[in-house]
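A.B. asks: According to TrEMBL:
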type	residues	note
DOMAIN	14-191	domain 'Thiamine phosphate synthase/TenI'
BINDING	Q40, L41, R42, E43, K44, N72, S111, K140	4-amino-2-methyl-5-(diphosphooxymethyl)pyrimidine binding site
BINDING	D73, D92	Mg(2+) binding site
Amino acid sequence: MPVDAREHLRKARLLLVTDPRPDLEERVEAAVRGGVDIVQLREKRASREEALPLARRLREVCVRHGALFTVNDDIELARLSGAHGVHLGQEDEPVARAREILGAGAVVGRSAGSLEEARRAVREGADYLGVGSVYPTPTKPDARVRGLGLIRELARADLGVPWFAIGGVTLETAEEVAAAGAPGFAVVRAVLDAGDPEAAARALRALLPG
């Protein structure tokens, strides 16, 4: 793949999780122009066959702009679309299974809601973590809210992999999340709902190191 996924991940700070909307491709392209490093396709309502054309188009957008493209949960969709990797929840397939299907060079992320879950994911071989939910979020209304305390706890730990604070991270809350020690943000509405997704991505990226 044109993007060196592992090297790119090491420098990544801003991850965009998608939601279904008619102008998604245009908004994603604006977001990666603004500094989004990773785009994660999250498509819960469509079948794999329905989601595949969109996944392939988003991958092309990402490759064109030097960003990584990953798929939420569905390892087979990631394989079929040529994604750089997959993001797995706590209840999803093992990391080893994802590597078996996608190859050793794929990036595999895992969700974590505690330091214990984060350390277990790293031991399992996860390349990066999505940590939260930091705040309540309509994207996942049933997610347990962990607060800034979890961000501070992980910031003190030496996990050895990149991680992204997720859940209610917006332009209004991002500064305090960064101050708590988050090295990266994972966002949805903060960028996709913005009048100017490119400017929103730039503003979020400016709050992060590197």
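Cβ from N, Cα, C; glycine included.
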A.B. asks: Need one number: mean pLDDT over the domain 'Thiamine phosphate synthase/TenI' (14-191).
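C.D. replies: Result for the domain 'Thiamine phosphate synthase/TenI' (14-191): average pLDDT 96.
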A.B. asks: Give me the non-local Cβ neighbours of K140 (4-amino-2-methyl-5-(diphosphooxymethyl)pyrimidine binding site): same chain, 6+ apart in sequence, Cβ-Cβ under 8 Å, ordered along the sequence.
C.D. replies: S133, G167
A.B. asks: If you count CB neighbours within 10 Å, which one among the binding-site residues E43, D92 has the smallest count?
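C.D. replies: Ranked by other Cβ atoms within 10 Å, the binding-site residues E43, D92 bottom out at D92.
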A.B. asks: Among the binding-site residues Q40, N72, S111, which residue has its Cβ surrounded by the fewest other Cβ atoms within 10 Å?
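C.D. replies: Taking Q40, N72, S111 as the binding-site residues, the minimal 10 Å Cβ count falls on N72.
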A.B. asks: Comparing the binding-site residues R42, K44, which residue's C-beta has the most other C-beta atoms within 10 angstroms in this structure?
C.D. replies: R42
A.B. asks: What three-state secondary structure does DSSP assign to Q40 (4-amino-2-methyl-5-(diphosphooxymethyl)pyrimidine binding site)?
C.D. replies: strand
A.B. asks: So what sits near D73 (Mg(2+) binding site) in its own chain, CB-to-CB under 8 Å and at least six residues off in sequence?
C.D. replies: R42, V86, H87, L88, G89, D92
A.B. asks: How many angstrom lie between the most widely spaced Cα atoms of the 4-amino-2-methyl-5-(diphosphooxymethyl)pyrimidine binders Q40, L41, R42, E43, K44, N72, S111, K140?
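C.D. replies: Answer in Å: the longest Cα-Cα distance is 17.
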